[in-house]
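Chemist: Got a structure for you, questions after.
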Amino acid sequence: MKLSIALLAGDGIGPEVIDQAVKVSDAVAKKFGHEITWKPALTGAAAIDAVGEPYPDSTHDICKNADAVLFGAIGHPKYDNDPSSKVRPEQGLLKMRKALGLFANIRPTFTFPSLIDKSPLKRERIEGTDLVILRELTGGIYFGEKGRRDGGETAYDNCVYTREEVKRLAKKGFELAMTRGKKLCCVDKANVLETSRLWRETVQAMEKDYPEVKVSYEFVDAVAMRLVQWPNSYDVLITENLFGDILTDEASVISGSMGLMPSASIGTENQLFEPIHGSYPQATGLNIANPMATVLSAAMMFEMAFDLQEEGAAIRKVVNKALAQGMVTEDLADGGKAFGTKEVGDWLAANI
Ligand code: IPM
Ligand code: MN
């Protein structure tokens, strides 16, 4: 198969972890007889520095025309503490999500048997955890009619959802649940918010089309609690943009390291794959960042964007092998030997 993949390394540790995912993907392609053409493009602070904006049209064209997008991370500390900054790397991410129509963000949380004791939660709480949070990604308070300040003293952000937006996300959730444990939890705050009541009403109306799926409705605050008490009780969770942002960070640490969790953002035409961690500026250039989340994002890309299941499985297998053998970066070394980002990537590619 010929695959054309847009490569957006971004900022901080982005380029380092992306390099490893490229190596591993190339090794998989070689083994299974595929030909990958990588199409590098600028994004984030790196793009602001080069051309003055975080998601330039040239990058959009490359993403639009590629079979998939592999994304590193964006964000740079020089923008974080400057609220007056007009242009910010994160705007690039939001613009890209909207422009590519990436309305569903899929963030799985699963455990690795060899790492179970690295989790901040007790083994018995997390054993068997295998859940997916489906976060709505192009609506809600992130994109409501422009946030504003009145006279400098009052600030507004608007949370807006249409029934159609809820429906298309929920449809993905029901479909995903059908391929897994057939349980769907709609996470909302319907006791307070009108948008949440629209979510609940819309999902309730869809239940009859998926009679095998057991649907529950839970408030976001309760879910935040249950996620750390009984994460293994969940299968698929669907939720709006901001709740999803918060809950996916919470869920990401259950496995023992945020450096392990991949994600996919899908839309009607384009699909993007990225680690859920950020740009980790303090580690930039130090060859210490864990590349596994990005490598596993490449596995999701093979499986979801190209329907190449064996190729994805080969990547997952080699990552598990590396974890079991201690071929890990410092975040997982636990006092033992820590390997560099590049060394872990080389090992994974060589062992595919
Ligand atoms: C994420 C990030 C982004 C978000 C930021 C960087 C805008 O936290 O992908 O979860 O809030 O969506
Ligand atoms: Mn986030």
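Heads up, the Cβ atoms here are built off N, Cα and C, so glycines get one too.
Curation plays no part in TrEMBL annotations; they are all automatic predictions.
These came from TrEMBL, pasted as-is:
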type    : residues                      : note
DOMAIN  : 4-348                         : domain 'Isopropylmalate dehydrogenase-like'
BINDING : Arg97, Arg107, Arg135, Asp221 : substrate binding site
SITE    : Tyr142                        : site 'Important for catalysis'
SITE    : Lys189                        : site 'Important for catalysis'
BINDING : Asp221, Asp245, Asp249        : Mg(2+) binding site
Chemist: Using the Cβ centroid of Asp221, Asp245, Asp249 as the reference point for the Mg(2+) site, which residues of the same chain not in that list have Cβ within 8 Å?
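Modeler: Everything else in range on the chain: Val220, Ala224, Leu242, Phe243, Gly244, Ile246, Leu247, Thr248, Glu250.
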Chemist: Checking the contact step here: among the binding-site residues Arg97, Arg107, Arg135, Asp221, Asp245, which have a Cα within 10 Å of the Cα of Lys189 (site 'Important for catalysis')?
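Modeler: Final answer, ordered: Asp221.
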Chemist: Under a threshold of 6 Å between Cβ and any atom of ligand 1, which of the binding-site residues Arg97, Arg107, Asp245, Asp249 are retained?
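Modeler: Listed by sequence, the hits are Asp245.
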Chemist: Say you check the Cα of Arg135 (substrate binding site) against those of the recorded positions Tyr142, Asp245, Asp249; which is nearest?
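Modeler: Going through Tyr142, Asp245, Asp249 one by one, the closest to Arg135 (substrate binding site) is Asp245.
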Chemist: Under a three-state reduction of DSSP output, how is Asp249 (Mg(2+) binding site) classified: helix, strand, or coil?
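Modeler: DSSP assigns Asp249 (Mg(2+) binding site) to helix.
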Chemist: Does anything in the same chain, at least 6 positions from Tyr142 (site 'Important for catalysis'), have a Cβ under 8 Å from its Cβ, and if so what?
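Modeler: Result: Leu94, Asn241, Leu242.
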Chemist: Taking the recorded positions one at a time (Arg97, Arg107, Arg135, Lys189), which has its Cβ surrounded by the most other Cβ atoms within 10 Å?
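Modeler: Per the Cβ count within 10 Å, the most buried is Arg135.
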Chemist: What whole-number Å value do you get for the CA-CA distance of Asp221 (substrate binding site) and Asp245 (Mg(2+) binding site)?
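Modeler: So the alpha carbons of Asp221 (substrate binding site) and Asp245 (Mg(2+) binding site) sit roughly 14 Å from each other.
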Chemist: Please compare the binding-site residues Asp221, Asp245 by how many other CB atoms fall within 10 Å of each one's CB, and tell me which has the fewest.
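Modeler: Checked Asp221, Asp245; of these binding-site residues, fewest Cβ neighbours within 10 Å: Asp221.
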